[in-house]
Amino acid sequence: MSKAKDKAIVSAAQASTAYSQIDSFSHLYDRGGNLTINGKPSYTVDQAATQLLRDGAAYRDFDGNGKIDLTYTFLTSASSSTMNKHGISGFSQFNAQQKAQAALAMQSWSDVANVTFTEKASGGDGHMTFGNYSSGQDGAAAFAYLPGTGAGYDGTSWYLTNNSYTPNKTPDLNNYGRQTLTHEIGHTLGLAHPGDYNAGEGAPTYNDATYGQDTRGYSLMSYWSESNTNQNFSKGGVEAYASGPLIDDIAAIQKLYGANYNTRAGDTTYGFNSNTGRDFLSATSNADKLVFSVWDGGGNDTLDFSGFTQNQKINLNEASFSDVGGLVGNVSIAKGVTIENAFGGAGNDLIIGNNAANVIKGGAGNDLIYGAGGADQLWGGAGNDTFVFGASSDSKPGAADKIFDFTSGSDKIDLSGITKGAGLTFVNAFTGHAGDAVLTYAAGTNLGTLAVDFSGHGVADFLVTTVGQAAVSDIVA
């Protein structure tokens, strides 16, 4: 084994642009405290979840089996008295597509909470019905009743279908009809709108929102565009809508009925090569539009966005948001969820790990990769890649990160977030001075190390291993 013989002081003068980009994106979606959005208070996930709930609006577990078992019926007829009671007219049955998509929407709720749905005429802890109407309700596109509204109302949802309004006739992945189904089912389960507003009651706007995150970027129970929170779910001129509950919806429904930890409790891949069995969690083409929040019960899990060519920003931390496949803030991770791995695509990606032992692959492009804590396995892929570290604890001796494809002259190891521009002194052996760094490389194994004594105790408190030799000029400090 040979040691680098260079003795130099390398300084970035300050934290690098790469570190600043990582740091900025990691805090972009911070919530709560004294933060504001558009002059409105910023709510934490827990605060937003509470905002979605209403006192007494929940089903009871009558048989004590630890979950809410609901039955449902697609109505085949409705009397004039029933229609009059709801202020509507022009009944029609759900078509085959509506029925199939309603089942998928219900499944998305049962995935995240202890709720089951069975098509049956009656029974269970509560009963739900679905039907269409052609006029009434002041032109509302759909409406539903929260539990506790009263007999003949609980579990009821209605959908406008006529020659002037057709989205509810053709619900499908990521379209407004599918979101409407999932939204209305959310009401029948006990979730309200995030604010005190309803369609047909005045002309509500985002100005009526109580808090800043009341948008469809955080909750599909919201009326307001994700653009209000600087997110963008449009691609190729087509807007995508969530087909399953989003980050705040998941927290809210779990407050009511508990979390379903049986969902995706094994090793699960989201995005490309998905094994979720859920259309809205899967991608097969660069043209796909993903809008989802990850709920995962356990295992070793992966966000695989390798099939996208756009520049992406991926964050593996719980309650975080990512920019995936040309959209902005379109993928989030629910509170309490750990996702271990992330795969970028062909663009210039920014990827942030968490404190688990992550596997991060940048793919093609000039990527910025930050593994954070844990013994991470890192691949930059083709291109000029920068591996960023923000604390000595990000890669400790005994739990060191390993870069599997380091190419000297193209790739960088960026420690400027630790040194804050103070630089490093490259030596052959530690001298007891803070900032001493030792580079080693063994040609026989093609393995190198970068060890740094940040504390000045004469031993390394930071260590990263490389497959491939790193030179002093490859280190940004």
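Even glycines carry a Cβ here, placed using N, Cα and C.
Swiss-Prot lists Gly299, Asp301, Thr338, Glu340 with the feature Ca(2+) 2 binding site, giving similarity to another entry as the kind of evidence. Cβ environment of Thr338 (Ca(2+) 2 binding site): Asp296, Asp301, Glu318, Asn354, Ala356 lie under 8 Å away, each six or more residues apart in the same chain.
Summed and averaged per residue, pLDDT over the repeat 'Hemolysin-type calcium-binding 1' (343-360) gives 99. For 343-360, the entry in Swiss-Prot reads repeat 'Hemolysin-type calcium-binding 1'.
The DSSP secondary structure for Gly345 (Ca(2+) 3 binding site) is coil. Residues or ranges marked as Ca(2+) 3 binding site by Swiss-Prot: Gly345, Gly347, Asp349, Gly362, Ala364, Asp367.
Asp376 (Ca(2+) 4 binding site): 28 other CB atoms within 10 A of its CB, across all protein chains. Residues or ranges marked as Ca(2+) 4 binding site in Swiss-Prot (evidence: similarity to another entry): Asn354, Ala356, Asn358, Gly371, Gly373, Asp376.
Taken from Swiss-Prot, the feature repeat 'Hemolysin-type calcium-binding 2' covers 361-378, and the record attributes it to a curator's inference. Long-range contacts of the repeat 'Hemolysin-type calcium-binding 2' (361-378) within its own chain (CB-CB distance under 8 A, at least 6 residues past either end) are made by residues 18, 21-22, 26, 306, 311, 317, 342-355, 384-390, 393-395, 399-404.
The feature repeat 'Hemolysin-type calcium-binding 3' is assigned by Swiss-Prot to 379-391, with a curator's inference given as support. Beyond the ends of the repeat 'Hemolysin-type calcium-binding 3' (379-391), by six or more residues, the same chain brings 16, 18-19, 22-23, 344, 348, 360-372, 401, 403-407, 410-415, 417-418, 462, 464, 476 to within a C-beta distance below 8 angstroms of the stretch.
Listed in sequence order, the residues of the same chain lying 6 or more apart from Asp367 (Ca(2+) 3 binding site) and placing their CB within less than 8 Å of its CB are Gly344, Asn348, Asp349, Leu350, Ile351, Gly380, Gly381, Gly383, Asp385, Thr386. Nearest by CA distance to Gly371 (Ca(2+) 4 binding site), out of the binding-site residues Glu340, Gly345, Ala364, is Glu340. Taking the Cβ of Ala364 (Ca(2+) 3 binding site) as reference, residues of its chain lying under 8 Å away and at least six apart in sequence are, in sequence order, Gly345, Ala346, Gly347, Gly381, Ala382, Gly383. Note: Gly373 (Ca(2+) 4 binding site) has non-local neighbours Gly353, Asn354, Asn355, Ala356, Ser393, Asp394, i.e. same-chain residues 6+ apart with C-beta under 8 A of its own C-beta.
In this structure, the CA atom of Asn358 (Ca(2+) 4 binding site) is 13 Å away from the CA atom of Gly299 (Ca(2+) 2 binding site). If you draw a 10 Å sphere around the CB of Ala356 (Ca(2+) 4 binding site), it holds 20 other CB atoms from the protein chains shown.
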